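J.: Sharing the features that Swiss-Prot gives for it:
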type: SIGNAL; residues: 1-17; note: signal peptide
type: REGION; residues: 64-83; note: region 'Disordered'
type: BINDING; residues: 65, 203, 207, 213; note: Zn(2+) 2 binding site
type: BINDING; residues: 152, 154, 167, 180; note: Zn(2+) 1 binding site
type: BINDING; residues: 159, 160, 162, 164; note: Ca(2+) binding site
type: ACT_SITE; residues: 204; note: active site
type: DISULFID; residues: 279-466; note: disulfide bond
type: REPEAT; residues: 280-324; note: repeat 'Hemopexin 1'
type: REPEAT; residues: 325-369; note: repeat 'Hemopexin 2'
type: REPEAT; residues: 370-418; note: repeat 'Hemopexin 3'
type: REPEAT; residues: 419-466; note: repeat 'Hemopexin 4'
């Protein structure tokens, strides 16, 4: 049986001096203060992984959530001190379809980016439960998200930059669903220069749904704030939230009749303010990375493995590559596992540990253009070459020297049947090349060295099993 503990409604995520946050909370919840040595002994016992994070004076260095850590009791049936890992707050939502509203936004980030990140943080929990989250802009909502300052009406003031980052209230309390972020923090997305909004929000939403802290060091619900990418739930997080709400409901499949495509006009249906729909949009870039196919659009990425879209996608690309630009023009993986991203007149390189270098100007590679529209690696295993495309021209590129083989471009007409102005290109396991433009793609035969008969096809149907809209079907006739 899992332990249910009735705790105060508050979770506070602190940025710097955890002892101050801890003492502050003790005062707020009117608990008897502990001596420092007792607090350290307690946490070393129940959170052994943090011993190395204490300095010589026994002070806490890592940022952490300020709620006192209440461990599960010993397992009396076994006679051993076997701990229950996740802990529940004592409450849960009585419904699974929840609405949320964002009242105010941080000054450093656009509303579009904040909305996108909040939706992504909620999706971390909805993809493993039956929960759904819908943003509303008017009227009442179940969840209130606010970026506010100092004293703001709940007797739990923020303290300006640093210190307290955010707090949330548990279900079945007088302020259930309230999640507050300190407006004055240096909020960022996808990097550790400031405070990463995605990771803080996902942690706070776990409390808002009813989870307390976990004693697992790599758990999202660990009290210690760690900048970690890609963001994902640990098994402990998943067990805890599914104990409250159950597993996700299986999707209901729907028939997807195929539409034959002979000729399709280039269409664009960018949805910048919301999560893009793969069935209705074009793509900024497509690339084969680590044997999987990634589609990029407006800061989001779809991940296909073995031709199947993976659960939890689309997701923010920054969950995989911290520091990636919001939009990607082209991407490819080189022979040693580095991943290259191009946007505008710059490029970034992520090494095998996903550490980024850059941005660098495109002129560094030996060409005087302001954008690369597509890039891919093509050829046999022993004779792979990297190609960069822009408009009606292309270059062969050497990632080892970071230079093009010749600053003089070649004509895309060398790739018989491939249109000018492609948006992306990639190669499959059989050696066939794919060229993407708008919502269509052309399959290129490596043996006949030309586009195969019957192309272009629709990306949405062949890769995402979408049914074409009647408007789009009529445009094909």
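Note that the numbers count up from 1, one per residue, in the order the chain is shown.
Cβ atoms here come from the backbone N, Cα and C positions, even for glycine.
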J.: Out of the recorded positions 180, 203, 204, 207, 213, give me the one sitting nearest to residue 162 (Ca(2+) binding site) by CA distance.
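T.: Nearest candidate: 180.
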J.: Hey, what's the Cβ neighbour count for residue 180 (Zn(2+) 1 binding site) at 10 Å?
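T.: Other Cβ atoms within 10 Å of residue 180 (Zn(2+) 1 binding site): 27.
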J.: Indicate the candidate from 154, 159, 204 with the smallest number of other Cβ atoms within 10 Å of its Cβ, considering only these recorded positions.
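T.: Sparsest of the recorded positions 154, 159, 204 by Cβ contacts within 10 Å: 154.
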J.: To which of the binding-site residues 160, 162 does the lowest count of other Cβ atoms within 10 Å belong?
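T.: Among the binding-site residues 160, 162, the sparsest Cβ neighbourhood within 10 Å belongs to 160.
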J.: Taking all residues of the repeat 'Hemopexin 2' (325-369) together, what is their mean pLDDT?
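T.: So the average pLDDT across the repeat 'Hemopexin 2' (325-369) works out to 89.
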J.: Could you state the whole-number distance in Å separating the C-alpha atoms of residue 203 (Zn(2+) 2 binding site) and residue 164 (Ca(2+) binding site)?
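T.: Between the Cα atoms of residue 203 (Zn(2+) 2 binding site) and residue 164 (Ca(2+) binding site), the distance comes to 14 Å.
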J.: Reduce the DSSP letter at residue 203 (Zn(2+) 2 binding site) to three states and note it down.
T.: helix
J.: Quick one: pull the CA-CA distance for residue 180 (Zn(2+) 1 binding site) versus residue 213 (Zn(2+) 2 binding site), whole Å only.
T.: 18
J.: Cα distance, residue 154 (Zn(2+) 1 binding site) to residue 213 (Zn(2+) 2 binding site), nearest Å?
T.: 22
J.: If one measures from the C-alpha of residue 167 (Zn(2+) 1 binding site) to the C-alpha of residue 204 (active site), what distance in angstrom results, rounded to a whole number?
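T.: Just about 7 Å between their Cα atoms.
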J.: Under a three-state reduction of DSSP output, how is residue 213 (Zn(2+) 2 binding site) classified: helix, strand, or coil?
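T.: Going by the DSSP assignment, residue 213 (Zn(2+) 2 binding site) belongs to neither helix nor strand, so it counts as coil.
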